[in-house]
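Novice: Encoded as structure tokens, here's the structure I'll be asking about.
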Amino acid sequence: MSSTTALPTSEDQRSDEPHLLSYPRFLKRILWLATEGSFGFYAWMTLLTALSLVGLNAWANQVAGGMIGTNMTDHVSWGLYIANFTFCVGLAAGGVMMVIPAYLYDDEDMHKVVIVGETVAIAAIVMCTLSVVVDLGRPDRFWHLIPGIGEFNWPVSMLTWDVIVLNGYLLINLHVVGYLLYMRYLGRKPNPTWYIPFVFLSIFWAISIHTVTAFLYCGLGGRPFWNTALLAPRFLASAFVSGPAFIILVMRVMRVTAGYTAPLGPARTLVQIIRVAMVVNLVMLASEIFTLFYTGGAHVSAANYLFFGAHGHSGLVPWMWSSIVLNLIGTVLFFMPSAMERSTVRIVACLCCIAGIWIEKGMGLIIPGFIPSTLHEIVEYSPSLIEWKVTVGIWAFGLLILTVLMKVVVSVFGGQVTPEQPTVTT
Amino acid sequence: MTTTNDSSPKENGQGDRSLPVLQNSSRRTAVKGAFATLGAAAFVAAVSPLRQAAKQTTASEFMQTHYKRLTDEDKRKVIERLEAEVKQEHGVDVDIADDRPIPGTKFVYAINLSVCNGNGKCVEACHKENNHDRATNQSYIRVLEMPKGTMDMEHGNTTYSGVVPKDDKFYLPVQCQQCDEPPCVDVCPVKATWKEEDGIVVVDYNWCIGCRYCEAACPYHARRFNWKQADVPADEINPDQSYLSNRLRPVGVVEKCTYCLHRTRRGKLPACLEACPTGARVFGNILDPDSNIRWILENKRVYILKEDLGTKPAFFYYFD
């Protein structure tokens, strides 16, 4: 961020200080703040740290002992990690659903919570990156992916596109969130030229991250279950459910724990977005099911295995049906009038949809892409203990980042931290 | 809040505490410091298994660049290092060559399905020739036992047993098809796999990051991942090796059939062909008009697997 750009002045004499000095101090202050809190806060952070370390340790063991510690095989070569990655991309893209109404339709109330959506996106992108890193057989060779010193197979490989869009999205959101917080901290009105273009960029970018991630799978001709043009739109529709649902939950937690209350309007807008997106998602699911089962052919064998089991194997059947049931319950609950209020119904609906979509993107999409294999062998897969530990660790670390960021948002927007306060402790 | 000296804002507007502010914050600092130290120690303990893994990777191996960027001198050093590692770990002298494509050569393979009887000798020969893991009985070749009257692999079975051939079955060996439009090569994010001029798709085992996207992209189940370090008894290690084919592969990388380039680029035939007792396998240079393979492709009823996917295999099946 460069030097002053003719902003509305505040009476604070510190605002004359160059940003080069004052921005690092701001970062230092908010980092200190993020480690201040009640007993409950410390207990929560300790729990998340402990779980993250358990995951880290499991991953270290996986690297030391080889990927044999996972239950993946040459037949099912991607498992829980990539499934979790796919869901987290959706979560990150869904974060932008706060942004679209706020800026496209100029919904003033939405501005107060839009920062929550963008911070959720930051935490989700970190989880995406971690989910891919733990899936690498040779994480020590990660530098081969860095353009310039490595070999970057761009534009042919969809994975390189994914690396670009995910990192770009992270940078955009870090900039927007950092800038808005900093301006609030200085007590100034944010300068639109410094963030509005980035906000619009992030809207397009959010759509691109989930589209590119869908193209990772649907571009593979040898995997008929994935090779459908509906994959990217379905990804977007489900992201626009899981993202806003997650944000509603985060807002509830912030209200209960920190008293950070947002007006009802934005949450109602989110519920309306979820209603539409979920119905679209279900319609597309029905459309997929029709083409799969009415025609038969190569497509239907994976779907048969997924929905009903095949040749005596039925490992994914309970997952798939529980996903459909959870999604349906969530949808019905979201359409109840009480979902518009701060009710238990709304919370349960959010939880149902998040769980339903997590399963749909994982056990219902990534795994059946591999079963049956390309030579039509059925080798089943269920994640090993190491894989579960690593995945829990990633979620704990993501929530840790989210908690820290939320803590900062609450303090800055609550006016608890301003440049006037001397920094005795740091 | 009136105490401007308090740098630690109180949660939920709780009232002032009786303790002096500075003392409170310095106690907090001490507690935070203690927690940070504890956390750092736990972090070091959690990642400690990585130290073991790090011991197995030397700095020169870590820094090694892509095969295509290596100069002849670099390659010599790399190969010396690899040979020394095998000597140290297994006590075996191996010879790793850098076999390059022969100009004017395009290798193709063909299998006579009228003759193949599913005895699996090719699978076994591949296993030994390419230094595959003994415990998992790995091989680049899978043979499907198919009911007569169908080409639908869904009715196939790769884990058949008993006396072969069975009357109502035919046998379909599948290995890397060395496609002219290889989806596995397209998807690799770091160009660790590519197609050579003689038509063989290879992997740089020292550049692959192990993402397994190629394994997902291959329609023929032709790629294998080293889920653990392959275990081959010292006296069974095949010492005739090549950098891009059958040398002992590192853990965590993808590998595949290379048409035994350490043999075929030296004028020999693939190990699976030599092992086949029925003569079902034919291998050769399609650019040579007088070759046996050329005659077969011109005169037999030939087909390729999954033609509809547009992968253009250099691997053919035919009937008498």
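In case you wondered, yes, glycine gets a Cβ from its N, Cα and C as well.
Pulled these from TrEMBL:
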| type | residues | note |
| --- | --- | --- |
| TRANSMEM | A:39-60 | transmembrane segment |
| TRANSMEM | A:80-104 | transmembrane segment |
| TRANSMEM | A:113-134 | transmembrane segment |
| TRANSMEM | A:163-182 | transmembrane segment |
| TRANSMEM | A:194-215 | transmembrane segment |
| TRANSMEM | A:235-253 | transmembrane segment |
| TRANSMEM | A:273-296 | transmembrane segment |
| TRANSMEM | A:316-335 | transmembrane segment |
| TRANSMEM | A:347-371 | transmembrane segment |
| TRANSMEM | A:391-413 | transmembrane segment |
Novice: For the transmembrane segment (A:316-335), could you work out the same-chain residues 6 or more beyond its ends whose Cβ comes under 8 Å from its Cβ atoms?
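Specialist: Result: 245, 271, 274-275, 278-279, 281-282, 285, 305-309, 345-346, 348-353, 355-357, 359-360, 363-364, 367-368, 371.
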Novice: Do we see three or more Cβ pairs under 8 Å linking the transmembrane segment (A:80-104) and the transmembrane segment (A:39-60), pairs being at least 6 apart in sequence?
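Specialist: In this chain the transmembrane segment (A:80-104) does not contact the transmembrane segment (A:39-60) - fewer than 3 Cβ pairs sit under 8 Å.
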Novice: Against which stretches of its own chain does the transmembrane segment (A:391-413) lie, if we need a Cβ under 8 Å and a gap of at least six residues from its ends?
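Specialist: Answer is 30, 33-34, 37, 41, 44-45, 47-56, 58-59, 80-81, 84, 88, 112, 115-116, 119-120, 122-124, 126-127, 130-131, 134, 177, 181, 184-185, 250, 254, 258, 260, 383.
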Novice: Rank A:39-60, A:235-253, A:273-296, A:347-371 by Cβ pairs under 8 Å to the transmembrane segment (A:113-134) and hand me the top one.
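Specialist: Stretch with the highest Cβ contact count: A:235-253.
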Novice: Who are the long-range neighbours of the transmembrane segment (A:273-296) in its own chain, taking Cβ under 8 Å and residues 6 or more past its ends?
Specialist: 97, 101, 228, 230, 233-234, 237-238, 240-241, 244-245, 303, 307, 324, 327-328, 330-331, 334-335, 353
Novice: Excluding the flanking five residues on each side, which residues at least 6 beyond the ends of the transmembrane segment (A:39-60) place their CB within less than 8 Å of a CB in that stretch?
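Specialist: Tertiary neighbours of the transmembrane segment (A:39-60) are 134, 257, 385-386, 389-397, 399-400, 403, 407.
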